[in-house]
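A.B. asks: Below is one structure. I have some questions about it.
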Amino acid sequence: MFDLVGPRLSADEREFLCHPAAGGLILFSRNYASPDQMLALVSEVRSLRPDMLIAVDHEGGRVQRFREGFTRLPPASAYLEVAGEAGLAAAETAGWLMAAELRAVGVDFSFAPVLDVDSGISTVIGDRAFARTPEEVTAAARAFATGMRRAGMAAVGKHFPGHGGVAGDSHLVLPEDRRELEELLARDLLPFSALIRENLEGIMPAHVLYSRIDARPPCFSPFWLQTILRERMNFDGAIFSDDLSMAGAAVAGDYAARALAALEAGCDMLVVCNTPEATASILEALENRTASPGSTRRLAAMCGRSRIDRDALLASSEWRNAVDRIHSFNDSAQ
């Protein structure tokens with residue numbers, strides 16, 4: 001899964017899309033100008049690769065890639081911080097609204113919800129986390145994911161097994177979490193366990209080193225992805241690497257080495273962003289590899305369902321009522 005430089009496909013990007021190892025596209029703000037432009041971009045992508053998964057980070061708050069023509073969603077922390085139990089209804093509404101608006105421009109899924117438990121020390125997570133207790137995170141994330149599914153969108157929990165306990169930003173460094181496995185199982189992993197039991201469709205591991213548990217970060221660790229996630233937690237959904245161009249991934253070697261290590265550890269799809277040369281290097285490294293039947297099945301479940309015509313969505317009472325509820329919630333949170 002790779003990204004694009006701008007709002008239109010370049011010749012190199014068309015070539016990347018047609019590569020047999022390319023399976024997904026991740027979109028950013030630089031790729032978006034308007035809903036009509038996004039519909040045209042998605043249509044062009046689908047004309048080249050009808051099976052291409054199209055994703056975006058669209059959590060709400062400071063991580064919302066599309067703004068103009070989309071409802072501004074509150075940060076995850078607002079739902080329970082401001083509104084208490086009533087926030088769960090708002091979280092479900094926001095999950096539906098986010099998913100419905102994205103599906104209406106052809107995007108399959110958003111990398112959401114964030115399942116990290118905020119410990120008050122991670123600025124890169126911060127208000128992206130729903131709460132500071134696993135029970136509250138679970139309740140709010142469950143509501144948000146329920147809304148997503150009502151709009152035909154699968155959910156992806158991140159950042160396994162929990163990014164909220166470290167100060168470092170894995171975009172810039174490899175943070176180290178020195179807690180024992182028992183501590184993570186009793187706190188940070190609880191939201192993941194709960195949503196896995198409710199058939200969570202996807203998970204994204206963190207680029208964090210849990211040094212007292214394993215010598216490798218989860219994206220490159222068979223222990224984390226196979227022994228813990230697949231076997232102990234019985235997760236049968238898709239595993240997406242976090243961005244392999246991040247500084248936190250450099251421990252695994254060059255781009256090709258990172259890709260191969262992530263696949264060997266158990267990732268179903270590799271994500272690489274902001275570095276076209278990394279995309280080219282990884283596609284070359286994967287030239288002769290084919291996805292396993294299990295990965296193919298798990299990734300197929302990430303395809304968006306119930307495609308919504310955008311004009312029909314904006315004319316619907318369900319959309320108007322949802323927008324009004326979120327606007328009122330945003331006003332009350334200020």
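Glycine is no exception: its Cβ is also placed from the backbone N, Cα and C atoms.
From a predicted model like this one, the values you see are computed outputs, not experimental measurements.
Found this in Swiss-Prot, in case it helps:
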type	residues	note
ACT_SITE	HIS171	active site, proton donor/acceptor
ACT_SITE	ASP242	active site, nucleophile
BINDING	ASP57, ARG65, ARG128, LYS158, HIS159	substrate binding site
SITE	ASP169	site 'Important for catalytic activity'
A.B. asks: Report the nearest neighbour of ARG128 (substrate binding site) in space among the recorded positions ASP169, HIS171, ASP242, comparing Cα positions.
C.D. replies: ASP169
A.B. asks: Between ASP169, ASP242, which of the recorded positions has its C-beta surrounded by the fewest other C-beta atoms within 10 Å?
C.D. replies: ASP169
A.B. asks: Check each residue in the chain of LYS158 (substrate binding site) that is at least six apart in sequence and keep those whose C-beta is under 8 Å from its C-beta; list them in sequence order.
C.D. replies: PHE111, ALA112, VAL114, LEU115, ASP116, ILE203, MET204, PRO205, ALA206, ASP242
A.B. asks: Counting other Cβ atoms within 10 Å of each residue's Cβ, which of the recorded positions ARG65, ARG128, HIS159, HIS171 comes out lowest?
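C.D. replies: Minimum Cβ neighbour count within 10 Å, taken over the recorded positions ARG65, ARG128, HIS159, HIS171, occurs at HIS171.
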A.B. asks: In sequence order, which same-chain residues at least six apart have a C-beta under 8 angstroms from ASP57 (substrate binding site)?
C.D. replies: ILE26, PHE28, VAL63, ARG65, SER110, PHE111, ALA112
A.B. asks: Quick one: what's DSSP say for ARG128 (substrate binding site), helix, strand or coil?
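C.D. replies: Where ARG128 (substrate binding site) sits, the three-state DSSP reduction gives helix.
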A.B. asks: What whole-number value in Å do you get for the largest C-alpha pair distance within ASP57, ARG65, ARG128, LYS158, HIS159, the residues recorded as binding substrate?
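C.D. replies: Pairwise Cα check on ASP57, ARG65, ARG128, LYS158, HIS159 gives a maximum of 19 Å.
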A.B. asks: At the Cα level, what's the spacing in Å between HIS159 (substrate binding site) and HIS171 (active site, proton donor/acceptor), rounded?
C.D. replies: 13
